[in-house]
């Protein structure tokens, strides 16, 4: 407790996570569903990381960023889902105050880092399509690593602001969080004081952390589409569009629900809606990412078939 100077303002030593339902039969069904999604997410993203590491043809900036995304997704779901699975089958659904702070901080670090990584991936596609002859020069190993480090540092610094502004408030009881993990909007509802300042901070940070990278992504794709439309070959245009389709789909699935969650005032938020949104951008998007990238990507399929020796790799 001494590690957190704002802790002495609170009389709550632990929180109760209400989760999705109090019905044991429903929870048993949810346990099986979420266990399948979690294991599939780990296997799918883990496979992508392994293929990119082992296949030299995938040692390019695009696949480097994709491997970082997969690692983030595996870490992202591991922050919340294992605890949720335990709470679905156990009577005790508590989390300590310090555990709640840690979960909130780590979740935010990974989520913010992933959001900014999407803008880096869009820039990579912009350079590849709009400046193909200079691609290898511009997207050097040093620049790729520096951009990933920037995303991580930005995630850590902004997550500290989110976490400190949330947990500095007094929490006197009740201690029941109507959510399946310690997410900022859900925890703020238990504060024993006015949270209007926090709502303003959340809105401003949401603008910076979601709309700014989305603006970079939009600007990149405006330039990309303008370049693609000048390609005379229909097959060339289709190939260029297909390299961007997966990225656009993943960005939409992740950023849309997150923006709706963090840029909406807490007083207007519905607990059930918030849980569904969090489930979508935390669990569902991480589960679908490897499917979206692998099913639409011949290079990944070829690497998989080469690794397993199954059949002939697609041309």
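Placed from the backbone N, Cα and C atoms, the Cβ positions cover glycine too.
The transmembrane segment annotation in TrEMBL covers 29-52 (among others). Sequence-distant neighbours of the transmembrane segment (29-52) (same chain, 6+ residues past either end, Cβ-Cβ under 8 Å): 20-21, 58-59, 63-64, 66-67, 70-71, 73-74, 77-78, 81-82, 84-85, 88-89, 283-284, 286-287, 289-291, 293-294, 300, 303-304, 307.
Annotated domain 'G-protein coupled receptors family 1 profile' per TrEMBL: 44-293, in sequence order.
Summarising the annotation, TrEMBL assigns transmembrane segment to 64-89 (among others). Listed by sequence, the residues of this chain that lie at least six past the ends of the transmembrane segment (64-89) yet keep a Cβ under 8 A from its Cβ atoms are 17, 19-20, 27-28, 30-31, 34-35, 37-38, 41-42, 45-46, 48-49, 52-53, 95, 103, 106-107, 110-111, 113-114, 117, 120-121, 124, 144, 148, 180-181, 250, 282-283, 285-287, 289-290, 293.
With a threshold of 8 Å between CB atoms, the same-chain residues lying at least 6 positions outside the transmembrane segment (95-123) that come near it are 1, 3-4, 7, 10, 12-17, 62, 65-66, 68-69, 72-73, 75-76, 79-80, 83, 147-148, 150-152, 154-156, 158-160, 162-163, 166-167, 177, 181-184, 187, 209-210, 213-214, 216-217, 220-221, 247, 250-251, 254-255, 258, 281-282. Residues annotated as transmembrane segment in TrEMBL: 95-123 (among others).
The transmembrane segment feature in TrEMBL is assigned to 135-165 (among others). Sequence-distant contacts of the transmembrane segment (135-165), counting only residues of its own chain at least 6 positions beyond either end whose CB sits under 8 Å from a CB of the stretch, comprise 6, 61, 64-65, 68, 101, 104-105, 108-113, 116-117, 120, 123-124, 127-128, 184, 197-198, 201-202, 205, 208-209.
Positions annotated as transmembrane segment by TrEMBL: 203-226 (among others).
The feature transmembrane segment is assigned by TrEMBL to 238-263 (among others). Using a Cβ-Cβ cut-off under 8 Å and counting only residues 6 or more beyond its ends in the same chain, the transmembrane segment (238-263) has close neighbours at 69, 111, 114-115, 118, 121-122, 125, 128-129, 183-185, 202-203, 205-207, 209-211, 213-214, 217, 221, 224, 227-228, 231, 269, 274, 277-278, 280-281, 284-285, 288-289, 292-293, 296-297.
Sequence-distant contacts of the transmembrane segment (278-295), counting only residues of its own chain at least 6 positions beyond either end whose CB sits under 8 Å from a CB of the stretch, comprise 34, 37-38, 40-41, 44-45, 47-48, 66, 69-70, 73-74, 76-77, 80-81, 107, 111, 179-181, 183, 246, 249-250, 253-258, 261, 301, 304. The transmembrane segment annotation in TrEMBL covers 278-295 (among others).
Taken together, the residues of the domain 'G-protein coupled receptors family 1 profile' (44-293) have an average pLDDT of 86.
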